[in-house]
Amino acid sequence: MATASSKKNIGRISQVIGPVVDVLFEEKLPPLLTALETKNQDATVVLEVAQHLGENVVRTISMDTTDGLVRGQEVVDTGSEIRVPVGPETLGRIMNVVGRPVDERGPIGSKQTMPIHADAPPFTEQSTDTAILTTGIKVIDLLAPYSKGGKVGLFGGAGVGKTVLIQELINNIAKGHGGFSVFAGVGERTREGNDLYHEFLEAGVIASDKDGNAISEGSKVALVYGQMNEPPGARARVALSGLTMAEYFRDQEGQDVLFFVDNIFRFTQAGAEVSALLGRIPSAVGYQPTLATDMGQLQERITSTKKGSITSVQAIYVPADDLTDPAPAASFAHLDATTVLSRAISEMGIYPAVDPLDSSSRNLEPRIVGDEHYQTARDVQEILQRYKNLQDIIAILGMDELSEDDRKVVGRARRIQRFLSQPFHVAEVFTGMPGKFVQVEDTVRSFREIIDGKYDDLPENAFYMVGSIDEAVAKAEKMAAEAA
């Protein structure tokens, strides 16, 4: 940070109000976003300059707890923004918002650091190539396909399966992916972060020595955590720290990087907390007035260039299941594909609880996925929509009052609904069912055959929690044999 030869710019704490610390500088004021450091017992606390108040006082946001800080203690201006370690040394490590290791394995030993605030790549550098990313999850690959170098949002309320879905995507994509991945845990449960680390170790995504201890050499993922118990400053910046590490692999090493964020809503929530602490007048629903700007600055950096790509998967919590809430609504415009998780579908016991009519992708076009895939997806949505429209009639009058054609549609829709469920690898310990990875060709063929009525005679339960259609047929035969 500051070089030994340069005279240090030193200030003193004049006020501490929770995570907000005011610092008085007698000489030179540090610019906005500069990192300051102060000692708190044995630890070094990083403060980021947020406002110039006048009278030589700067208002800063702490990246760590301020318990123990006192008025009058020294604060050192580092002369630069918060910088985090980048490069291969970060792989296999767990770091906090300022890039310090929290996995008790000693210093990172990185040869290079980069500031967490940066501009998005210029238009001339950006790439517009489209290639489909296979996830192995039927409902996603068929109805809302993801693209390499694209941005994906997993929207859902509390407890409908966002984290399980993001972990399955990590399992299916990151494990088979040759390049590197970065996972940013933003304001989520520490337990989930710990579970994910151990899953990566078991799967070999984080390499280990003969004693089972994690090592950087051979590891494929860097983890950056700023979890629920951290102050708002850390939660508002940890996504940027993770993104900076991903940008290094994209720009300096020309890699195709996977960037997972759980949860983007907590980034916005922390921004709202910081905004209130800084005394800004809130906008709609109490969010910060800079909501769209903050989101844009983060999202515009997550992009593909001619050197490499960043494919990002972001879990986005939806407060009170309201997709029109300003926080989830602010991220819609930035995404290439949206996967919406529905409480109504999860209550039916269908997992992943993806809403096939609400989820969308700009990649679902004949020129990208092909005519057969496109037509099958649209036919599936049409059948499900007709079923939805008929549900009121069924509830009031019963199935007997429907026409023959409508009864066929309802039967196929119910089979499709169940067939959109799928056992996950990461949920094997809970469900007792082995996880399934289904190739896109099998998915398209299976749904086309259901639409064409080839399996109208199979019981609906045969389609529940299976992989390809061949497994559904085998399950139906087994059910028939057991019933006989």
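Glycine is no exception: its Cβ is also placed from the backbone N, Cα and C atoms.
Of all ranges given (104-123, 404-423), Swiss-Prot attaches the label region 'Disordered' to 104-123.
Long-range contacts of the region 'Disordered' (104-123) within the same chain, counting only residues at least 6 positions beyond its ends with a Cβ under 8 Å from a Cβ of the stretch, are 33, 80-87, 89-90, 93, 95, 213-214, 237, 240-241, 243-244, 247-248, 297, 300-301, 303, 305.
Those residues of the chain, other than Gly156, Gly157, Ala158, Gly159, Val160, Gly161, Lys162, Thr163, with a C-beta within 8 angstroms of the mean position of the ATP site C-beta atoms are Tyr317, Leu341, Ser346, Ala353.
Each of the binding-site residues Gly156, Gly157, Gly159, Gly161 was assessed for Cβ neighbours inside 10 Å, and the highest tally belongs to Gly156. All chains included, 26 other C-beta atoms sit within 10 angstroms of the C-beta of Val160 (ATP binding site).
The Cβ of Ala158 (ATP binding site) lies under 8 Å from the Cβ of Tyr317, each of these being in the same chain and 6 or more residues away along the sequence.
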